[in-house]
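Everything on this sheet refers to the single structure shown next.
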Amino acid sequence: AAHLDFVFRPDANYLPLPVLEQSFGFSSLDATLLMASIARETSRIGLVTTISTTFGHPYLVARQLMSLHWLSHGRAGWNIVTALQGHENFGLPAMPPSDARYTRAIEFAEVVRALWSSFPSEALLVDRMSGRYADTAQILPIKHHGAEFAVEGPMNLPRFPGPRIPLMQAGGSAKGVDFAGQVADLVFGMTPDIASAKAMRDQLSARARAHGRAPRDIRLLPGLSLYLGETRKEARALFLETHRRVDRMQRVERVLSVIGLDLSEWPDDRRILPSDLPQPSTSNWGRTHRERLRRIVETEQPTVAELLARPEILSSVHWQVIGTVDDAFAEISSWFEAGAIDGFIAVPGGARSSLDLTLKALVPRLAEAGLFRREYRETSFLGHLQDENVLTPETGPDRFTSVNCIDVRAAKRSISSGTEDDSLNC
Ligand SMILES: Cc1cc2nc3c(=O)[nH]c(=O)nc-3n(C[C@H](O)[C@H](O)[C@H](O)COP(=O)(O)O)c2cc1C
């Protein structure tokens, strides 16, 4: 009803018991099967499942995803993850290093895409008169013999006769961003502030060009954690209530794991000075979060109590808005106008009311401002991502280089009604 581009399910293949004490910790239905059931209940929304390239096999994954694409009439999407944990469930002695995981992911995606093309739908004849089921001359093996996989093909399922399956990727290392530049239509970003989003946007554009693609072929969609209320006070109360059970010890551990500073013996009213910060780790994982916390200390010099009450410690490492629909609207507009994002992945938290405000008030507000579609114009997931092309040559689409998920792009309405707002150009 809100005309979102897609609904998305992260996923993992291990059970972290400490996390399970307080939250579901990925102890959930298989994401692809879940999407297949949602496909039956919906007609337009894209359905993005998560499948790891570290633990799966490309033949099985290619067939699963193409099955979802058929079942949803062209609405499947694949969030390609190299995963962070779970090796013990797949007979591996340890998690392979990040670079090795990406090497495998690149080959994995190549095999999956080749398999998708190996059995074109036109090869299906299903002709009773002649008795021919398929024109097998059109169905070709892929003969893949790589470092990681040997797959002969073809796939035992024809390609869906419509737009292809869009690919999503998340990962902040140089290899991760390069992989996105090579294959991703969408990037799920962990960018808590405009500066980090702009830097990520620039890196993605550079890597897209390096792989012979246009920067606008990749949409950067940061996660946006939303605690919305009718008033700021209500939103703040919802946020605090949601995280009430995160005790001091857990917060102190969070600070320790992110910036390496042990506050366990520090009194709450002691100020944290830049000189208290340990040397920053050079590891890529958590870099954005680390830099953000260090910046808070450098610019604000908070007390221990103040730092431990920050949203960055209490909850998500994503971009966060704790406030009213107006606050969220202003924040999203400013990020868009700064050219930092192409949309966002909304993560409404705390209560059903926060979800309702997101879908029933914030999204319509974005649509009113010409930053989001008012209705679906396409039926496939890729169609939603590309429906900027309905803009006329005189008005765009080139002017709207930033396109999006919950989709800041659909400015067609404001253009055609003559209310174009130049501030939307980026
Ligand atoms: C925003 C974000 C979301 C992710 N979601 C998942 C997920 O749902 N399942 C998973 O196994 N890994 C997930 N990952 C892990 C990545 O696939 C990747 O393994 C990890 O980020 C390490 O790569 P990097 O060093 O390039 O960041 C996610 C990473 C990020 C940054």
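Cβ coordinates come from backbone N, Cα and C, glycine included.
In TrEMBL, the FMN site is described by T50, Y102, and among S130, S173, S196 the residue recorded at this site is S173. Within the model, the domain 'Luciferase-like' (27-338) carries an average pLDDT of 94.
Y102 (FMN binding site) falls within a helix when secondary structure is assigned with DSSP. Y102 (FMN binding site) has a Cβ environment of 22 other Cβ atoms inside 10 Å. Cβ neighbour count for S173 (FMN binding site) (all protein chains, 10 Å cutoff from its Cβ): 16.
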